[in-house]
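> Take this structure, written in structure tokens, and hold onto it; I'll ask about it next.
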Amino acid sequence: MILGNFSEVSEFRLLGFSEISHLHPLLFVVLLSLYILTLMANTVVALTMNGDNTLHSPMYFFLTQLSCLDICYLSVIIPNILENLMVGTIGISKARCATQMFFFLFFGVAECFLLAAMSLDRYVAICCPLHYTIVMNSRVCKSLVAGTYVCGTAVGLVHTIITFNLPFCGFAINHFFCEIQPLLDLLCGNTFPSEIQVIVVAVFAILCPFLLIIYSYSRIISTILLMSSAESQQKAFSTCSSHLLVVILFYGTASSMYLRPKYTYSASVDKFLSLSYSVVTPLLNPTIYSLRNEEVKRALRKKWRNINLVWKCNRIFALFQMVVVVFFTVNSCSVKGISR
């Protein structure tokens, strides 16, 4: 169905995975499981880092923010996917679609800049260790995090307002959420200016922080190579390896999605890439940081021991309560028997 202009479009239709409808039940179970695992993993990591006094350093402050962003980022997309898998093609209002795009861009761009801030933290820690506590103080860390949210808000607002003020000639979005490229395919007339807009936004949101990360790591590597001790080199590399792996995962999938020519776009490939950076990456982030960081693993083990201790105490208390109840029940029965 072709529509005349945007004012006539009151609702879009998300086609989702309509081409593989026979796999919907399996996909629903898999994605729901991944969603629950991701929520649990990121929540546990965030609470552990926030609650352990030994992890109150800038690096772990940024990691806590990353876990919170991953939870929010995932929650913008996954509910729509699950609904689509349950009922098939679903309708989404114009306002809800615009809101979803804004928050998708907001959390995605904020994560890009947060990863850049984390690389800056590693640069100061390795290249200027004597000034680390002075440079990366609480005020600077909070300002960097606030800056990531400001950039996310700016990109999300500008891109959403411009996109949703353009005329649409269709309403069927061949995706499982209001993604940028499938929406551009619905625009009337010449879409070249809109494609340039996407590239400009992608350059700002992806390439600018990525270049900062490249610069930081070039300085970090050159500093590490000048260290005389192999043990010092290994320790310095180990503090950066987790962050570097997360950067490769996130920027690799995001850049392959938004920094490629339009003629290479494919709906099935786009959906796969979207699942990669919106579902898989948030699950891998806490896993990578937990498994490759001894301090985090130690804090998690301590937290687990405390949980086990509380659970055992609760069991003992429940057993004691049961014994008391049984004792008083038997005693009252004995008293009644004597009185008779």
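Glycine is treated like the rest: Cβ placed from N, Cα and C.
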> In TrEMBL, which of 255-273, 274-292 is tagged transmembrane segment?
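From TrEMBL, the annotated transmembrane segment range turns out to be 274-292.
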> Which range out of 26-47, 59-82, 144-176, 236-254, 274-292 gives the transmembrane segment (196-215) the most CB pairs under 8 Å?
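The listed stretch sharing the most Cβ pairs with the transmembrane segment (196-215) is 144-176.
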> Look over the recorded stretches 144-176, 236-254, 274-292 and say which has the most C-beta pairs under 8 A to the transmembrane segment (102-124).
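That would be 144-176.
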> Under 8 Å between C-beta atoms and at least six residues away from its ends: which parts of the chain pack against the transmembrane segment (144-176)?
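Apart from its flanks, the transmembrane segment (144-176) reaches 1-6, 9, 11-17, 61-62, 65, 77, 80-81, 84, 94, 97-98, 101-111, 113-114, 117, 120, 182-189, 194, 197-198, 201, 204-205, 267, 270-271, 274.
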> Give the mean pLDDT for the domain 'G-protein coupled receptors family 1 profile' (41-289) on the 0 to 100 scale.
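The predicted confidence over the domain 'G-protein coupled receptors family 1 profile' (41-289), as a mean pLDDT, is 83.
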